[in-house]
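Q: Annotations per TrEMBL:
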- 1-20: signal peptide (SIGNAL)
- 52-284: domain 'Glycoside hydrolase family 19 catalytic' (DOMAIN)
- CYS141-CYS149: disulfide bond (DISULFID)
- CYS249-CYS284: disulfide bond (DISULFID)
Amino acid sequence: MGRWAAAVVGLLVVWSVGEAKKKEKVCDKGWECSGSKYCCNETITDYFQVYQFENLFSKRNAPVAHAVGFWDYHSFITAAAVYEPLGFGTTGGKQMGMKEVAAFLGHVGSKTSCGYGLASGGPLAWGLCYNHELSPSQSYCADDYKYPCTPGAEYYGRGALPVYWNYNYGLVGESLKIDLLNHPEYLEQNATLAFQAAIWRWMTPMKKKQPSAHDVFVGNWKPSKNDTLEKRLPGFGMTMNILYADLVCGQGYIDSMNNIISHYQYYLDLMGVGREVSGDNLDCAEQKALNPSGTSASS
């Protein structure tokens with residue numbers, strides 16, 4: 001083959017690879033999921049519908065709840081639509097998608113619950129009762145060069161996975177392109193934004209070369225030898241390690257950890273998946289913290 005012919009073949013190969021990349025199938029499902037190959041398969045609204053959301057959070061609009069009328073299905077799906085093309089609820093087939101939604105909402109439900117042992121409907125029926133901390137124990141303002149406190153702003157816990165401290169509001173706001181450092185109150189005024197901030201936290205590693213909660217849950221992460229020695233393994237337990245570190249993990253079978261697991265399994269049951277498929281490594285009772293206290297964007 002002559003040089004000219006070889007060059008033409010080389011160009012054709014490059015062109016065909018480029019065309020293959022161009023032709024990778026992408027789909028649109030309207031407001032729910034668009035412009036991604038992930039949207040071509042079942043997405044969250046195919047398996048998680050309004051009535052299921054209402055079942056999971058059946059007491060959120062009870063007269064004694066603290067965020068009546070704030071949280072709704074449409075806000076959750078609108079927020080999820082931003083992350084479905086990145087794999088949120090769309091990775092690993094329908095069952096894994098349902099499990100991931102149950103896992104994520106298990107965290108949300110436990111962190112926003114006002115349920116207690118004798119509450120009507122049971123203690124697990126009261127997720128999304130709050131959208132902000134009612135009685136802050138401190139100002140949550142720390143010296144930070146990059147995200148200094150705004151005079152008059154309060155950085156107490158707000159949102160679906162409550163955000164605390166000025167530096168976390170700054171980080172989350174920068175990532176979502178919303179000025180949360182100057183206006184932390186936005187997280188208790190807009191349910192879609194509150195869900196979006198929580199899903200961002202679920203989908204985003206906090207440090208380079210570390211996994212996100214999403215990664216460890218859907219099987220995108222392989223633990224190192226050091227992770228294995230410190231009992232950090234793929235599964236729901238590791239999601240708690242990433243989100244709360246030693247505030248919840250490595251403390252044995254404490255109530256705060258058990259409560260999160262209970263919400264996850266309760267939601268699996270209500271979604272029709274069943275707690276028997278909760279997965280391996282459900283707890284983090286003996287896991288060493290990936291990032292010790294004070295380094296996570298929610299607590």
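Using the three backbone atoms N, Cα and C, a Cβ is placed for every residue, glycine included.
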Q: Among the disulfide-bonded residues CYS141, CYS149, CYS249, CYS284, which residue has the largest number of other Cβ atoms within 10 Å of its own Cβ?
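A: The largest 10 Å Cβ neighbour count belongs to CYS284.
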Q: Given CYS249 (disulfide bond) and CYS141 (disulfide bond), what distance in Å do their CA atoms have, once rounded to a whole number?
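A: CYS141 (disulfide bond) has its Cα 25 Å from the Cα of CYS249 (disulfide bond).
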Q: Give me the CA-CA distance between CYS284 (disulfide bond) and CYS141 (disulfide bond), in Å, as a whole number.
A: 30
Q: Please give the average pLDDT for the domain 'Glycoside hydrolase family 19 catalytic' (52-284) in this predicted model.
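A: For the domain 'Glycoside hydrolase family 19 catalytic' (52-284), the model's average pLDDT rounds to 96.
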